[in-house]
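Here's the structure, in structure tokens; my notes come after.
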Amino acid sequence: MSVRYPLLNRELGILGFNERVLAQAADPQVPLLERLRFICITSSNLDEFFEVRMAGLQEQIRDNPGALTPDGMSLQHAYDLVVERAQRLVHRQYTMLHETVLPALEQEGIYFHAADTWNDEQLEWARRYFLDELLPVLTPIGLDPAHPFPRVLNKSLNFVVELEGRDAFGRQAVMGIVQAPRALPRVVRMPQALSGFEHGFVLLSTFMQRFVGELFPQLVVKSCNQFRITRNSELFVDEDEITNLRVALQGELPARHLGNAVRLEVSADTPAHIVRRLLEESLLDEKDCYRVAGSVNLVRLMQIPDLVDRPDLKFAPFTASIPPVIANAPAMFDAIDDGDILLHHPYESFQPVLELLQQAAKDPSVVAIKQTIYRTGTDSPLMDALMAAARNGKEVTVVVELLARFDEETNINWASQLEAVGAHVVYGVVGHKCHAKMMLIVRRVVEGGKATLRRYVHLGTGNYHPRTARLYTDFGLMTADQKICEDVHHVFQQLTGIGGELTLHELWQSPFTLHPRIIESIRAEIDNARAGKRARVVAKMNALLEPTVIAALYEASQAGVKVDLIVRGVCALKPGVPGLSENITVRSIVGRFLEHHRIYYFHADGAEEVYLSSADWMDRNLFRRVEVAFPIRERKLKRRVIAEGLSVCLGDNQSAWLMQSDGHYRRRRAGKTLRNAQLGLLAKFCS
């Protein structure tokens, strides 16, 4: 593709975001156990990065090696740059863990016991634990012509054991593989009386390396090293050929664990000839091998903060508030009848959203409920309420997105449970993921002595997921505005039925009007700037990649429009380039909570148009998904969105990172007054 305007590389941008996440682990202002958690989050993010983005790059290189990336690099050059940066990031991650975080944890009485530090009593306890709890579950595989190298599961923990001697059949033993079943605990607590520390732990890998000889009796163990293979986890479902998406997906899910290898992780002391064998068996190159000083899966350390009762080493707990208009109302419908309600999570509770649905399930006046589900978790009170509504005779329709990445199995299970109680379940539109967050409740009310149907709607920027609603920043709107409700009704009709494109009056919807409306709104600011009027665009999102939107923003900058972008993750736009984007700033907020809301602000000659949305400015959101953006019209709520969603981020000088024109980020230096967006909102709303 020819690049008219400069773009930054997507994969490098994703790694840049993870560098900012990892920087939280180095921040002494962050509580110690939370610093460990940020290291684990970085590992989890990198796993998905390799499963999806790096796997995609490898496939493109194989299929079309001469192609260019959207930013104009050759695929191979881009891949080499990404690998180099990923290797540096992983090295920094493990260095931070071993040189900073683990020593600090030890000072606080939280210790990971290595086998070479065990005394006799600890050794005996560890031996008994291995023999009683681990050995019965483990299956050693000796490698010979009758036992080929196993195809290890995606991201599973494995041990390669170098052996010497002959087995019971007289075969020369050379190498064995032991796969650790996912059911085995990766972290085991040592009894405090034995440990000598308030919280002593032993890693599964430590048990294995010390006692693996029990699995290969009468053989000499020369070495035992852990390794992990990351595989391509994209599911392939031919949506043009299938007749039942759920059945097709159920057939494809098991293959996810056995896709092509994209990364090999090995412990740093693994012998070179063993590494070569693992690479050969995985069909990987040396550059795809990541040698790590410690556990090959740091994600499993995520449980440590939950196992350690040390509130002083964690973020202070908070109680999300409930708006007085809700707390003082007899029921949720009464509160919404009094006017639109804006909820700002996690500072304001997600509970009113659940209560709206729970009350609707029991209310005899409610005749129908329609709901979209993208991610909701395995244990969801929201889904329980939908099933209760169906059992109570309500007309319940749920649009379940089966292709929500890594939540496919959960959503299949929910779809089955919903159908079992009589709910109508549809899977959206083939070829377009349904990412919109919508709830529609139809209620029979009496107005002026006459029975009529009244609609109530909840629209959000984030998922209907109670757990992540305490971890992600999102806005939600509850309204009975009949224009918005009518639009939501039409979108649901479109998702569940078959028909032509609908005319919506208030909502912007992808893949139809969302992208054109964004471009039109930016161009209106350009026209105002050229006419000598004040012009401004402020947008907050997770990612900015779509080339035509970026081109429009460049043109806006050249016309004199002030553009402030708050992009948490990857941003392909280059800010601050003279003659191109000197009027554009890009910042990323990384803190306790995951910044997740999407906000579009256009000055509009003083009218100040504000839209909330589930959509980032990416190709997939604007063209290959069903998304909605909804306006905030009520003046007080609009001021809140601007103040709480945009202004606090633009003023943040503690957790903000400013993007430079070369794509790198630097922390915004604190001024005389320290301003932290998330801490300020916690202080304002929470107790």
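Here the Cβ of each residue, glycine as well, is placed from N, Cα and C on the backbone.
Small disclaimer: the values here were computed from a predicted structure and weren't measured.
Swiss-Prot annotations:
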BINDING   Asn45, Tyr472, Arg568, His596  ATP binding site
BINDING   Arg375, Arg405  Mg(2+) binding site
ACT_SITE  His435  active site, phosphohistidine intermediate
Near ATP: residues not in Asn45, Tyr472, Arg568, His596 with Cβ within 8 Å of the site Cβ centroid are Asn542, Gly569, Leu594, Glu595
Closest by Cα to the residue listed as 'active site, phosphohistidine intermediate', out of the binding-site residues Asn45, Tyr472, Arg568, His596, is His596
Cβ contacts within 10 Å for Asn45 (ATP binding site), all chains included, total 18
Arg375 (Mg(2+) binding site) sits from Arg568 (ATP binding site) (Cα to Cα, rounded, in Å) at a distance of 20
Here the Cα-Cα span from His596 (ATP binding site) to Arg375 (Mg(2+) binding site), rounded to a whole number of angstrom, reaches 14
Neighbouring CB atoms within 10 angstroms of the CB of Arg568 (ATP binding site), all protein chains considered, total 23
The rounded CA-CA distance in Å from Arg375 (Mg(2+) binding site) to Asn45 (ATP binding site) is 17
Span of the recorded ATP site, as the biggest CA-CA distance among Asn45, Tyr472, Arg568, His596 in Å, is 15
